[in-house]
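Chemist: Right, I'll just put the structure down here and ask away after.
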Amino acid sequence: MALRLYDTKTAAIRDFEPLQPGQVSLYYCGATVQGAPHVGHIRSGVVFDILTRWLEYTGYRVTSVRNVTDVDDKILQKAAASYAPGFEPSEDYPAEEPWFALAYRFEQVFNAAYGAVGVSRPTYEPRATGHITEMHALIQRLIDAGHAYPATDDSGDVYFDVRSWQRYGELTHQSVEDMQDAPDADPRGKRDRRDFALWKGDKPDDPTTAAWDSPWGRGRPGWHLECSAMSTKYLGSTFDIHGGGLDLRFPHHENELAQSAAAGDGFARFWLHNGMVTYEGEKMSKSIGNIITPEEMHAVARPVAVRYYLGQAHYRSQLDYKPGSLPEAEAAVERIENFLNRAGADYEYTAAEVMPDAFVAAMNDDLNVPAALAVLHETVRTGNSALDAGDDDAAVRHAAAVQAMITVLGLEELRAAEPAGAAAAEEALANLVQQQLDARAEAKAAKDFDTADALRSRLAAAGIEVEDTPQGATWSLTKGGV
Ligand SMILES: Nc1ncnc2c1ncn2[C@@H]1O[C@H](COP(=O)(O)OP(=O)(O)OP(=O)(O)O)[C@@H](O)[C@H]1O
Ligand SMILES: [Zn+2]
């Protein structure tokens, strides 16, 4: 069965065929870098990382783009606040930090948080501030086509004319009459309250560094426009998949689609949306304050367990965080890990030779990760039974299959993990050897060389080589040890 994906625009699961054979172009909305991430943001990264890995496993070359919104009202407000009298600096927000420094800093924090759970870097990570020229070109095309206009007041804004575009609302299946007003600008200069800003004229208090010259006056880009300009720059006017969180469907993605399609671009062929991470049923969000940070999760569980937790649900479903969730993920990870360590690493199968058909079917079925994980755990169970029965060949094959599956899911760190108890065993060995070396040193001090030599021979027979140095005796393992 070939890959099928749920497309928000057609509200149906459809066969996925890329535009170009063998290649997939994927754009997904990244962060507005106004603050540190919460785990909701990271889930979105994990979801599109799993999609990318699955596409790559099935043989596609994937070109992926995740943008960085590095200029935005919220970023400017946070930076401005850091200069205000009475501002209380915190670890996250020091005093007197320019907006661009704040944005760069949080971009790094986001990247570190994605990296900590094995989200691979996309092919391109464009920043909005680096694509002003492309945005101007897109605005001009829209004005020329009669779908955008400079504000009728002196704000310097440029708006998309929603009434001029019959298809407006096609992504979220709404008619214009039922839509909420665009909140992003003063309605006075607009033809319709739902018209949204493509370009925002700068205000007297805005920092000069956050405004660019344009044919319509100095200003900065509207958020929606950034994604249209950057996705098509790197992926072409029509590309395969546009992703992002469900919260971005409207207005962000609706507006991206409207302005790109109105400018004549084919734009995204599939729209994929990840479900929200919620806390007590409500969207985890900085503005609500109900957030769990990646650091909080890493404090109680290993990165691989955090990744397991954030990736385990179906990508379209809501993931409601509960305090007991991480220990469960940790236990699941340990089950897999223990089996791999029992089975050993000696296999030479390719992933394709051992990947269970049921796993492939689950992943091809709109990335049904819960079903795929069921196959993974079943393989672990069968593999453990094979080991119990002394059937090493079967166990090794199962281990190879488990390895292939966890690699697709981004849990491959499991293979490199130390066998449970290895660190403790190493410490115990060091203690025992040290006791022998102390006894040998005492014997030498008492000029009892027979005993000293005997101790050295016993250690050698156990595979431990002793070397006398001016700083005292040191030891190492003679057979492939440390
Ligand atoms: N709670 C969440 N669960 C899952 N994905 C989320 C969540 N919050 C944000 N995302 C996704 O993370 C990506 C980056 O989001 P963005 O920077 O726009 O966050 P945001 O919605 O402004 O966050 P917040 O509401 O906390 O301020 C987007 O694809 C967005 O849909
Ligand atoms: Zn976007």
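Just so you know, glycine gets a Cβ as well, placed from its N, Cα and C.
Okay, so TrEMBL annotates it like this:
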type	residues	note
BINDING	Cys29, Cys227, His252, Glu256	Zn(2+) binding site
MOTIF	31-41	motif ''HIGH' region'
REGION	196-215	region 'Disordered'
COMPBIAS	196-206	compositional bias 'Basic and acidic residues'
MOTIF	283-287	motif ''KMSKS' region'
BINDING	Lys286	ATP binding site
DOMAIN	358-420	domain 'Cysteinyl-tRNA synthetase class Ia DALR'
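Could you tell me the structural context for the features on the list?
Modeler: Around the Cβ of His252 (Zn(2+) binding site), 18 further Cβ atoms fall within 10 Å across all displayed protein chains.
In the predicted model, the motif ''HIGH' region' (31-41) shows an average pLDDT of 97.
Within the chain carrying the region 'Disordered' (196-215), a Cβ under 8 angstroms from the stretch's Cβ atoms is held by residues 71, 76, 79-80, 98-100, 132, 135-136, 138-140, 142, 148, 151, 155-160, 162, 182, 184-185, 221-222, 224-225, 251, 255, 259, all 6 or more beyond its ends.
Secondary structure counts, DSSP: the compositional bias 'Basic and acidic residues' (196-206) has 0 helix, 5 strand, 6 coil.
Sorting the motif ''KMSKS' region' (283-287) by DSSP state (H, G, I as helix; E, B as strand; all else coil) yields 0 helix, 1 strand, 4 coil.
Here the Cβ of Lys286 (ATP binding site) has 16 other Cβ atoms within 10 Å, regardless of which shown protein chain they belong to.
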Chemist: Quick one, of the binding-site residues Cys29, Cys227, which Cβ has the fewest other Cβ within 10 Å?
Modeler: Cys29
Chemist: Among the binding-site residues Cys29, Cys227, Glu256, Lys286, name every one whose Cβ is found under 6 angstroms from ligand 1, counting any of its atoms.
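Modeler: Cys29, Lys286, in sequence order.
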Chemist: Could you give me the DSSP helix, strand and coil counts for the motif ''HIGH' region' (31-41)?
Modeler: 3 helix, 1 strand, 7 coil
Chemist: Compute the centroid of the Cβ atoms of Cys29, Cys227, His252, Glu256, then list the same-chain residues not in that set whose Cβ lies within 8 Å of it, in sequence order, for the Zn(2+) site.
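Modeler: Filtered neighbour residues, in order: Trp223, His224, Glu226, Ser228, His242, Gly244, Leu248, His253, Asn255.
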Chemist: Kindly assign Cys29 (Zn(2+) binding site) to one of the three DSSP-derived states: helix, strand or coil.
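Modeler: In the DSSP reduction, Cys29 (Zn(2+) binding site) maps to coil.
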Chemist: Using DSSP, tally how many residues of the domain 'Cysteinyl-tRNA synthetase class Ia DALR' (358-420) sit in helix, strand and coil.
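Modeler: Computed counts for the domain 'Cysteinyl-tRNA synthetase class Ia DALR' (358-420) are 48 helix, 1 strand, 14 coil.
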Chemist: Please classify the secondary structure at Glu256 (Zn(2+) binding site) using three-state DSSP.
Modeler: helix
Chemist: Would you count the other CB atoms within 10 A of the CB of Glu256 (Zn(2+) binding site), including those on all shown protein chains?
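Modeler: For Glu256 (Zn(2+) binding site), the count of other Cβ atoms within 10 Å is 27.
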